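Undergrad: Just passing along the structure, written as structure tokens.
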Amino acid sequence: MAPTLSTPFRPLVIRRLGHSSFQNHPQKWSLVTSSTPRLSHRLHPLSSFIPSMTTRASSNPPPSNPTKTVRVVVKGRVQGVFYRNWTIENATQLGLKGWVRNRRDGSVEALFSGTPDSVQEMEQRCRRGPPDAMVTGFEVVPCSDDPGTGFQRKPTV
């Protein structure tokens, strides 16, 4: 049978003391309990873990956003139909980095880098293309090239 507490459970509150505006100075944390009296030997079983959990959590950097980078080649009637400018507008709208260019074989090549969802959405948009385009082939290859700082048009290769 589980023991019962003779006094009400006091919720634990964690407060940050001061603030950390300087690099390499961790924030200080303090456990504060409510004003309801209780005996010290009647602590909640997890209360001893809270300070160490908050210390570890505050010392770890926040998880970074994953980035996906792909190179695509679009074939069909994709040159002379505003495809590159349309690609720049759509990639910028989705917050992607990279570039787009025509190729001498009549295809359009592009590099897209950003969140996996944004890159996948751009791939879907490129499969359709702008209104006057007719996409007949679409290749996607994972890539590790540097996408640069924005989205730009590159010269024909």
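Counting starts with 1 at the first residue shown.
Yeah, the Cβs are placed from backbone N, Cα and C, and that goes for glycine too.
In case it's useful when we look at the structure, here is the feature table from TrEMBL:
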- 69-155: domain 'Acylphosphatase-like' (DOMAIN)
- Arg84: active site (ACT_SITE)
- Asn102: active site (ACT_SITE)
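Mind running through what each feature is packed against?
TA: Averaged across the domain 'Acylphosphatase-like' (69-155), the predicted model reaches a pLDDT of 96.
A sphere of 10 angstroms centred on the C-beta of Asn102 (active site) encloses 19 other C-beta atoms.
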Undergrad: Including all protein chains displayed, how many Cβ atoms other than that of Arg84 (active site) lie within 10 Å of its Cβ?
TA: 20
Undergrad: When the domain 'Acylphosphatase-like' (69-155) is classified with DSSP, how many of its residues are helical, how many are strand and how many are coil?
TA: 24 helix, 34 strand, 29 coil
